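Visitor: Sharing the feature lines straight out of Swiss-Prot:
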{"type": "COMPBIAS", "residues": "8-18", "note": "compositional bias 'Polar residues'"}
{"type": "COMPBIAS", "residues": "448-473", "note": "compositional bias 'Polar residues'"}
{"type": "REGION", "residues": "1-25", "note": "region 'Disordered'"}
{"type": "REGION", "residues": "1-66", "note": "region 'Required for localization to centrosomes'"}
{"type": "REGION", "residues": "101-337", "note": "region 'Interaction with PCM1'"}
{"type": "REGION", "residues": "338-519", "note": "region 'Required for localization to centrosomes'"}
{"type": "REGION", "residues": "440-519", "note": "region 'Disordered'"}
{"type": "REPEAT", "residues": "67-100", "note": "repeat 'TPR 1'"}
{"type": "REPEAT", "residues": "101-134", "note": "repeat 'TPR 2'"}
{"type": "REPEAT", "residues": "135-168", "note": "repeat 'TPR 3'"}
{"type": "REPEAT", "residues": "169-201", "note": "repeat 'TPR 4'"}
{"type": "REPEAT", "residues": "203-235", "note": "repeat 'TPR 5'"}
{"type": "REPEAT", "residues": "237-269", "note": "repeat 'TPR 6'"}
{"type": "REPEAT", "residues": "270-303", "note": "repeat 'TPR 7'"}
{"type": "REPEAT", "residues": "304-337", "note": "repeat 'TPR 8'"}
{"type": "REPEAT", "residues": "339-371", "note": "repeat 'TPR 9'"}
{"type": "REPEAT", "residues": "373-408", "note": "repeat 'TPR 10'"}
Amino acid sequence: MAEERVATRTQFPVSTESQKPRQKKAPEFPILEKQNWLIHLHYIRKDYEACKAVIKEQLQETQGLCEYAIYVQALIFRLEGNIQESLELFQTCAVLSPQSADNLKQVARSLFLLGKHKAAIEVYNEAAKLNQKDWEISHNLGVCYIYLKQFNKAQDQLHNALNLNRHDLTYIMLGKIHLLEGDLDKAIEVYKKAVEFSPENTELLTTLGLLYLQLGIYQKAFEHLGNALTYDPTNYKAILAAGSMMQTHGDFDVALTKYRVVACAVPESPPLWNNIGMCFFGKKKYVAAISCLKRANYLAPFDWKILYNLGLVHLTMQQYASAFHFLSAAINFQPKMGELYMLLAVALTNLEDIENAKRAYAEAVHLDKCNPLVNLNYAVLLYNQGEKKNALAQYQEMEKKVSLLKDNSSLEFDSEMVEMAQKLGAALQVGEALVWTKPVKDPKSKHQTTSTSKPASFQQPLGSNQALGQAMSSAAAYRTLPSGAGGTSQFTKPPSLPLEPEPAVESSPTETSEQIREK
């Protein structure tokens, strides 16, 4: 029995560990970043209220020393539009971590959004000292210099950004600089490189197509716009531009089909309704044209091109008082355009205000040094008032402009203007050999003459950050001459592109030019 007891004791030894004294638990120190994962999770889910609640709790625990919580709260403030508050929080982050280039970049970004571009440049330069190979710093420095109109420094910074890392947005801003400087060729070169780098970027393709459209290179314009629509069939900018090209060539029904697609995407677009209205004008549906143009004017009341077109349509409908109203409004916004004064003079002539019509014609002649139609209409008015000497002077000035256009271009004059000038020349006894009449190439075409419109090199770009064109025409009011009709002209104005890749930004095509015949 004793042996069994010994074996039992040997088989089950008594543990000595339980007899040792238990160690105390290590003290828990607050971890500043322990809630960062939860803050990040709420932020990327855009659950900002829950995110701010966690941030508040985290900052209370850490006594305001959690850098990430402050950083995310500053981002939320910026999204909510509280730029000044976000700036102060980002500055706090920069104090907590002075060697972080990201914090300085965010401080500079907030300064930029507040319009303090010089201060933003200083902070970006400090960030560049901490990280010299960050393309974003160079890009944003270039953007700041653009707003300060220091284009040379802006180009240097943007080129530096492209050397560090190529991005679509950098190409777009570099192209914007060339557009601001009026150098379309360099802008096209930049956008061509951008398209080579990013061939599926519809914004780049559309902008490049619009630049070619502005230069009158329709084949390349249509090619790039077509590529943009291939990648994005609902790209309303490209559709609007393509419709504008069709409208320019007189395909009004096809253009309206294109615009119907755009109307679903952007039903409140002023350029869209302007172009639709001028399509109806080309189809001689004047009531529909006025309705669409009135809607465009409601959406963009300060756009002078819409007012111009409204005046033009009312002139066509012989509603001269309404035409005077819209043309006067257009002149208030664009006081340096001679064609506006010419059409205003036509309206005044038909309203029997001859003295003011003469003043308007005189201003048109002073402002427009290239369009012979201004001088022709002025000569007609003077002839009808019995001032043959002054009428002859205007007629001779018209012939000089025609000769200049004939030497510099091969565009066509409208046959009605040719006929009217011949009648006036005969009445003034100077019309035996007009310098600008050419033989007709085939019986179906108009007279092969130089154009009544100015060549592209003489024209002022007519667009804004959207697609707006114009129907450039004129009407000479005859009373004593038997024809009783005025000259017409056809203009195709190039578009002016938006300066930034923003919705407002928005590059847009120009619209077609139409004709007006005023009896």
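Keep in mind that glycine also has a Cβ here, set from the backbone N, Cα and C atoms.
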Visitor: Can you work out which residues elsewhere in the same chain, 6+ from the ends of the repeat 'TPR 3' (135-168), have a Cβ less than 8 Å from its Cβ atoms?
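Guide: Non-local partners: 101, 105, 108-109, 112, 117-118, 120-121, 124-125, 127-128, 174, 176-177, 180-181, 194, 197-198, 201, 203-204.
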Visitor: Pull the DSSP breakdown for the repeat 'TPR 5' (203-235) and write it out as helix, strand, coil residue counts.
Guide: 26 helix, 0 strand, 7 coil
Visitor: Report the mean pLDDT of the predicted model across the repeat 'TPR 3' (135-168), rounded to a whole number.
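Guide: The answer is 93, the mean pLDDT of the model over that range.
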Visitor: Can you break down the repeat 'TPR 2' (101-134) into helix, strand and coil residue counts using DSSP?
Guide: 27 helix, 0 strand, 7 coil
Visitor: Within the repeat 'TPR 1' (67-100), how many residues are helix, strand or coil going by DSSP?
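Guide: Once the DSSP states are binned, the repeat 'TPR 1' (67-100) shows 27 helix, 0 strand, 7 coil.
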Visitor: As a quick check of your reading of DSSP, tell me how many residues in the repeat 'TPR 3' (135-168) are helical, how many are strand and how many are coil.
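Guide: For that range the per-state counts are 28 helix, 0 strand, 6 coil.
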Visitor: Give residue numbers and ranges for long-range contacts of the repeat 'TPR 1' (67-100): same chain, 6 or more residues beyond its ends, CB-CB under 8 A.
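Guide: Distant Cβ neighbours of the repeat 'TPR 1' (67-100) are 32-33, 35-36, 39-40, 43, 48, 51-52, 54-55, 58-59, 106-107, 110-111, 113-114, 130.
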Visitor: Please count the residues of the repeat 'TPR 4' (169-201) that DSSP assigns to helix (H, G, I), strand (E, B) and coil.
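Guide: Tallying H, G and I as helix, E and B as strand, the rest coil: 26 helix, 0 strand, 7 coil.
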Visitor: Report, as numbers and ranges, which residues of the same chain sit near the repeat 'TPR 4' (169-201): CB under 8 Å and 6 or more residues beyond its ends.
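Guide: Same-chain residues near the repeat 'TPR 4' (169-201) but 6 or more away: 135, 139, 142-143, 146, 151, 154-155, 158-159, 161-162, 207-208, 211-212, 214-215, 224, 227, 231, 497, 499-501.
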Visitor: If you run through the repeat 'TPR 9' (339-371) with DSSP, how many residues end up as helix, strand and coil?
Guide: 26 helix, 0 strand, 7 coil
